[in-house]
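This report concerns only the one structure given below.
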Amino acid sequence: MNVGEVVQIIGVVVDVRFPPGQVPEIYNALTIETDKVDAFGRKFNLTLEVAQHLGNNVVRTVAMSTTDGLVRGAKVVDTGAPIKVPVGRPVLGRLIDVLGMPIDGLGDIKAETYYPIHRPAPALVDQSTKVEQLETGLKVIDLLVPFMKGGKIGMFGGAGVGKTVIVMELINNIAKQHGGISVFAGVGERTREGNELLLEMTEAGVLDKTMMVFGQMNEPPGCRLRVGLTGLCLAEYFRDEEGADVLIFIDNIFRFAQAGTEVSALLGRMPSAVGYQPTLATEMGQLQERITSTTKGSITSVQAVYVPADDLTDPAPANTFAHLDGTVVLSRQIAELGIYPAVDPLDSVSRILDPNVVGQEHYQVARGVQKVLQRYKELQDIIAILGMEELSEEDKLIVARARKLQRYLSQPFHVAEAFTGTPGRYVSLKDNIRGFQEILDGKHDGLPEDAFYMVGTIEEAVEKGKKILEAS
């Protein structure tokens, strides 16, 4: 057992000197015993991760929790391995932190298997290239931005446009409809949201199929930088050992890049564009390349991406783009119209919206919807200046259908039922395509626009439309 001592503390960066010939490897976990106890009455040991070798047997480390009360000369023990976390069935339904410690107050996790958080990506020969759509039950996503099983989907949006609510609805739908296992990695987001998510998932009865890892906004950057890797370990176990199709939700991948920026600056590296770390692309690649399908199973990821100041060219979202198979762009303009989920049907793209993958019918309906909405967007300037009267009859029809389509893209969510009072809806892909096809064909031109707002299937819209017409 190698024992060193603390020689310098600068915030969350701690320098440790070891005896000659006993210097720990990069990424090794070091522990410091303290006399503190955590919120659950457990003895609190501080964990450090080796980040740099400074020479003279000194290593520079990054703390995974607060260094309050730490003093120079404190004894540091090298564990001889990276941070290891419990994986497998015992972790289902539990909430853990970056070190794999339970933080839900439900007692210890009795796991037999532990994985190191730093693991290589699957080899090229082990990766699967099969392309298949994953049904989510959300109309706008299934039709226009189909998710690929084992793919990576980014959810882009500024503050308050509904990223987290969509993520929660997806967890709910996947667990209930597919019985799939989900991992939720809360990376540097609000503690309140994490608490709400835990309580709502317990109420919805989907927690037993989910594992949660939290490293919230109040945690040190070292923790926020590594919590995504902890979540990945949990998913990798089920993919590799049980051959399962796992979903991992990362909220928010931007905070991962942000934590990397903080750690990089604290370690004294020269910043690159906009103050980001010079290793941004490398760190992002190491995380993203582990999220993939193998011949045994798949990991599909949905990543919420906060866009600073709504600027998609910022290095953090721009670097994330490179890894994604699909991008769901959430628009403030659509949210302002009261249309939720506020997915932009023209900006959002998916690699598998291809007739060879989704089929000719699905492809043509999706492109038809986009064509009508695009034409409506082009006509909006004319309408604003000259009014609807100046449009040709054909354009008037396009505008009427576009407004119906726009409203039909909205959908009541199960997880928002408590706030909206409207029961949530899951719409199958078949019903979804049929509904949009009927609107495009003009079968419902006689119904008022409001009939299409916040409904599930087209039958509901027709019923709602009849009631509105009768009432008027």
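We number each residue from 1, going along the chain as drawn.
Backbone N, Cα and C atoms are what each Cβ position is placed from, and that goes for glycine too.
The annotation ATP binding site is assigned in Swiss-Prot to Gly157, Gly158, Ala159, Gly160, Val161, Gly162, Lys163, Thr164 on the grounds of sequence analysis. For Val161 (ATP binding site), other Cβ atoms within 10 Å of its Cβ number 26. In the three-state DSSP scheme, Val161 (ATP binding site) falls into the coil class.
Annotation for the binding-site residues Gly157, Gly160, Gly162: lowest Cβ count within 10 Å of the residue's own Cβ, Gly160. There are 11 other Cβ atoms within 10 Å of the Cβ belonging to Ala159 (ATP binding site). The record gives Gly157, Gly158, Ala159, Gly160, Val161, Gly162, Lys163, Thr164 for ATP. Within 8 Å of the mean position of their Cβ atoms, the other Cβ atoms in that chain belong to Tyr306, Leu330, Ala335.
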